[in-house]
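The following features are taken from TrEMBL:
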DOMAIN    9-196  domain 'Thymidylate kinase-like'
BINDING   11, 12, 13, 14, 15, 16, 17, 18  ATP binding site
Ligand SMILES: Nc1ncnc2c1ncn2[C@@H]1O[C@H](COP(=O)(O)OP(=O)(O)OP(=O)(O)O)[C@@H](O)[C@H]1O
Ligand SMILES: Cc1cn([C@H]2C[C@H](O)[C@@H](COP(=O)(O)O)O2)c(=O)[nH]c1=O
C-alpha cells in the first residue's frame, strides 16, 4: 500500500480552511485514495467535548489553560484517529493542527513556541504534518465572509481583539518562513474554485501529477 500523507490547513478565522479541506478531500477521494477528514480542536468524541469547553464564552480560560486543553484534545485526536489512519497508510486532511497552537497560544498569547512544542512532544509524540497549507487573504475580504457566515456571533477565541488576531497572523507568517519545506502559502482570495486550483497545483507532485 502506498503511504498516506498528513495534510493540514492553517490560517486565521474564516479564511476558508474548512471549505478548502472539503474540496481537497473530494479531489483525493476522486483519485481513489482513502482519506480521513478531520478538524481541530475536535475529531474524536473526547476532543470535540474539549472543543465545546474551549470555545464557550462562559469560561475565561487564559492562554496557559487554553494551551493545555488544546494539547489534551490533540493528544486524544492523534491517539485515536490521526495516528491509526496514518498507520493504515491512509491520507489525513485536518482543518488546523499544532501550528494553530503555535500561532494562537504562543504568538497571540503568552507561551513561547518551545513551550507549545514541548506540550506537543509530551501529548502527541511531536507528530508533524507532511504538508501545511497556510491560507492568507486580505482582512476586508475575510471580514465580509465572516459577517455573512456568523453575523456578530464570534466564538470565545474568534471574538478576541483585532490586535490578538494580528499577532496570530504574524506568527503564522513567521512559522512559514522558518519551515518552507512543509508550509505552502496559498492566496485564499477569489472564489473557492480559484483557491482550490492553487491548492491542487501545489499538491501535484504528491499525487503523481507533477509536470
Ligand atoms: N473563496 C471564498 N470566497 C468566498 N467565500 C468563501 C470562500 N471560501 C470560504 N468562503 C465562505 O466563507 C466562510 C468561511 O469559510 P470557512 O468556514 O471555510 O473558513 P474557515 O477558515 O474554516 O473558518 P474558521 O476559522 O471559522 O473555522 C464560509 O461561509 C464559506 O462558505
Ligand atoms: C486547533 C487550535 C484552534 N485554536 C482556535 C482557532 C479558532 O479560533 C478556534 C477553532 O475554531 P474553528 O472555527 O474551528 O477555526 O480555536 C487555537 O487557539 N489553538 C489551536 O491549537
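Backbone N, Cα and C atoms are what each Cβ position is placed from, and that goes for glycine too.
Because TrEMBL annotations are produced automatically, they should be read as predictions rather than curated entries.
Under DSSP, residue 14 (ATP binding site) is assigned to coil, being neither helix nor strand in the three-state scheme. For residue 18 (ATP binding site), the count of additional Cβ atoms within 10 Å of its Cβ stands at 14 [all protein chains shown]. With every protein chain in view, the residue among the binding-site residues 11, 12, 14, 16 whose Cβ has the most Cβ partners within 10 Å turns out to be 11.
When pLDDT values are averaged over the domain 'Thymidylate kinase-like' (9-196), the model yields 96. Cβ atoms within 8 Å of the centroid of the Cβ atoms of 11, 12, 13, 14, 15, 16, 17, 18 (the ATP site) belong to the same-chain residues 135, 142, 188, site residues excluded. Sequence-distant neighbours of residue 15 (ATP binding site) (same chain, 6+ apart, CB under 8 A from its CB) are 135, 136, 137, 142, 188. The number of other Cβ atoms within 10 Å of the Cβ belonging to residue 13 (ATP binding site), over all protein chains shown, comes to 20.
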